[in-house]
Every structure is written in C-alpha cells, then in structure tokens.
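Please read the structure below before turning to the comments.
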Amino acid sequence: MWIARRPGLRNVGPLWQAGAILVALGVLAPVLSLAWLAAGADLAHWTHLAQHVLPQAALNTALLLAGVGTLVLVIGTGCAWLVSSCDFPGRRVLNWALLLPLAMPTYIVAFAYLDLLHPIGPVQTALRWVLGYDSPREFRLPDLRSMGGAVGVLGIVLYPYIYLTARAMFMTQPAHLLEAARSLGEGRWGAFRRVALPLARPALAVGLSLALLETLNDIGASEFLGVNTLTVAIYTTWITRSDLAGAAQIACAMLAVVVLLVVLEQHGRRRQRFGSAQRMRAMAPRRLQGARAWAATAVASLPVLLGFVAPAAYLVAETFKRLRLGQGISNGLWTSLGNTVALALGVTTAAVLAGLLVAWAVRQGAASTRPGRWPARLASLGYALPGTVLAIGLLSPALALDAGVASALGLPGLPLMGLGVVLVIACTIRFLAMPVGGIDAGLARIPPALE
C-alpha cells in the first residue's frame, strides 16, 4: 500500500530548526544573564556573602533536601508498593487520592498547619483537654517553625512525585520475577527489597529528583517556617537588601546544587532499562483480610489526610467562619482569580506551542541525530531552574526587550511587564520541559512514512 506524503513538508525543516533554536536560546538567556550579573558584582559582596550568608543557608538547604528526600522516598515508595501489591478496602479510591497533596501549594499547607498546631489552636487544645492539662505552659507540642517542621510539611506535599513514578513501575513489573524470588526462599519483604525495589530504581531516581528540585524551588513554606535556605537567602538579599548582584552570586552557587541533583539523578538511573523478551504478566494484587486489610487502609490514608484533607478542611472551615461573620468575599479575590486563570491559559498556550515547535524540529530528519537534539535538551532545562533564580536571570533580558518594544511602538513605561507578558514567558520557560517531553514521546510513535 502506498501512502501519499504531502509535498514540501520536509522542506520546512530549517524554519522549524530556527524556531527551536530561538526557544532554546530563550531558555538559556536567564542563565547567561545571571552569570553576567554575578561576574560584574563587587568582589567584596561575594566575600561578605561567603562568610556570613552562604554557610548557614547551604547547611540548611542540605539538611532540608536530605530530610525531604528521605521522607518522600519512604512515603511514596511504601504507598506505591501497598496499592500495587495488595488489595484492601478503599484501594481504588486511594490509588488516585494519594496524588491529591500535589494540588496544595506548600506555603498554603504550612500556613494551615501553623494555625492548626498553634499552642492555642484546635489540635493542641484538644490534646490538653484529653490529657487533663489546663494551660499551654503545662503541655505544648514542638514548634512547627523549625527544620523538622519544614521537612514534615514539604514531605507530605511532595511525596506524590515518588508515588506516581514508583506505582507505574511496580504495576508493570513482571510477576514471574517476584514468583521466582519467592520460590527461591525469599519472603514478601525479601522479594520487594531484592527484586521489585532494584527494578524500580530508575523511576525512583526520576521522582526523587523532581521532589528535590521542588524543595529547592520552595520559598514560601521555608521562609514561613523559619528555615533560611539558599532560595530564601536569594530573595532576602534581592528584595530586603536591594542587592541584585549579591542575589545573582548566591543564585549561581544554587545552580551548582541544581547541577549536582541532575547528575545524581542520571547516576541513579545509569541508563538502566529493564525489558523482557517474553510476554509479561503483570503482578496481581494480594487480597488482605481482617485487621491487616484495615491496617493497610489506615496506613495508605494517612498521607492523604495529612497532605490534603486536613489543610483543605481547615481552609474551608475558615472560609465559612468569615462568611458567617458577614465579612463576605473580597472584590480583590475575584480580580486575583481572573489574573490566575488568564496566566494559566497564557502559559499553557505558549508552552504547548513552543513545545510543539521544538519537538517537531527534533522530529525532522536533520534533527533526529544526537547533535540535532540539543534544542530539545536545552529547552527542557527550565524545570531545573528555581523560580527565584529564573526571575533574577530574566530581569535584565526582560527589561531590554520591554524597552525595545516600547521604543518601537512609541509606548510609555514597560508595556510587556505591565501586561504580564514577562510573567507568562518566565512560567513558560519553567514548565516547557513537560510539553516538549510529552509531544516528543507522542511523535516518536508515528511512523516516518505517515508524515
């Protein structure tokens, strides 16, 4: 059967390549601008920062990353294995409900828990009533504004990154491998530890790197809970001390941490791919009975309760309380909602179009070789840039672009920033990796003869 190919489709390759290169350079521009700002700063600034700011901020960042990484690995891997290998009451609901904490911004969860766990908040008040104490001086829980509190809050929100990747791997693992381990004398724990977990290591490395990058990107929860990380140090140096060059220097040091995380993620995967020449039979969940079944339900429900239900219920209760008091809904809320929807639509449209441009350029014959894929790889690096670092790096190019547009059109002020276009560009750079990866994977399934 002959398939007609549209004439001239391959001839547009250079145009697509040029567009993809422009997108890739747009992603690279904030990094180059950041390096330029840092290199042009006074050396005395760096000496002061290296002696008085960076040591404590770097230590706090390392402790936070280690704590959150451990917590999300335990929660995400444990829940993923539980819903993949066992059948218990509520499993089908928990299968998707365990993803809900990702819908909650980390700083909102931190705000909710700070009120819930306040010495005169509902949780500690109820505990004192049960235990027979009358005053917060007699009994109080440890302060949430601490490293442990930040690790706990970020961990219960970010564990779905591990859960999602690990569950996908566990549910597709061949059953005969686990059965072989059991037949050789391994128990259920041994089969999980020696077979299922090593097979899932590439997926765990990807999920862990995403969770750690989100931890590094966080500023609201960390600052709210009193943990001075590198991201918080960048923000305070820039905004509070009005030292943009110093903030750029800290941001360059932070980029080294980002590179380290990416290298560790690549090392964790080590280009591993597991396949089977046989037709694979997926693992069938083992049905639990009695107390074990309800214990599994309780264990799998706890992350959802802590990461989503409790903070969401608190926010809903506070909303109804204010409505009952006659405070109503602020007009500014509707304005903010409209701005949020407009920003989301703008970023989604821009990211999908840019992702399609880059992915199709990679699909072209000249770009299918390894060197020709560099625009896609470069365009996908934006997700590794923390938002604060991206904002500082994008500031100078955005000002130059805005000034050029204003001069060309004869407009006063900064029209692009005033209309939020620069914010759309920043968010598009930040999330461009997802449409590029998704569209590239989809195009890879289309035979070249059908193009």
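Cβ atoms are placed via backbone N, Cα and C, with glycine included.
Caution: TrEMBL annotation is automatic and unverified by curators.
Noted in TrEMBL for the protein shown:
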| type | residues | note |
| --- | --- | --- |
| TRANSMEM | 12-37 | transmembrane segment |
| TRANSMEM | 57-81 | transmembrane segment |
| DOMAIN | 58-263 | domain 'ABC transmembrane type-1' |
| TRANSMEM | 93-114 | transmembrane segment |
| TRANSMEM | 147-170 | transmembrane segment |
| TRANSMEM | 244-264 | transmembrane segment |
| TRANSMEM | 293-317 | transmembrane segment |
| TRANSMEM | 337-362 | transmembrane segment |
| TRANSMEM | 383-401 | transmembrane segment |
| TRANSMEM | 413-433 | transmembrane segment |
Query: Counting only residues 6+ away from its ends, which parts of the chain sit with a Cβ under 8 Å from the transmembrane segment (337-362)?
result: 13, 16-17, 19-20, 23-24, 368, 372-373, 375-376, 379, 420, 423-425, 427-428, 431-432, 434-436, 438-440, 443
Field: Leading contact stretch, 244-264, 293-317, 383-401, 413-433 vs the transmembrane segment (93-114) - CB distance under 8 Å
entry: 293-317
Query: By Cβ distance under 8 Å, which residues at least 6 away from the ends of the transmembrane segment (293-317) in the same chain are close to it?
result: 75, 78-79, 82-83, 86, 88-91, 94, 97-98, 100-101, 103-104, 108-109, 112-113, 115-116, 156-157, 159, 287
- prompt: Do any residues of this chain, six or more beyond the ends of the transmembrane segment (244-264), have a C-beta under 8 angstroms from a C-beta of it, and if so which?
  reply: 31, 34-35, 37-38, 40-42, 45-46, 48-49, 53-54, 57-58, 61, 205, 209, 212-213, 216, 230-231, 233-235, 237-238, 384-386, 388-389, 392-393, 395
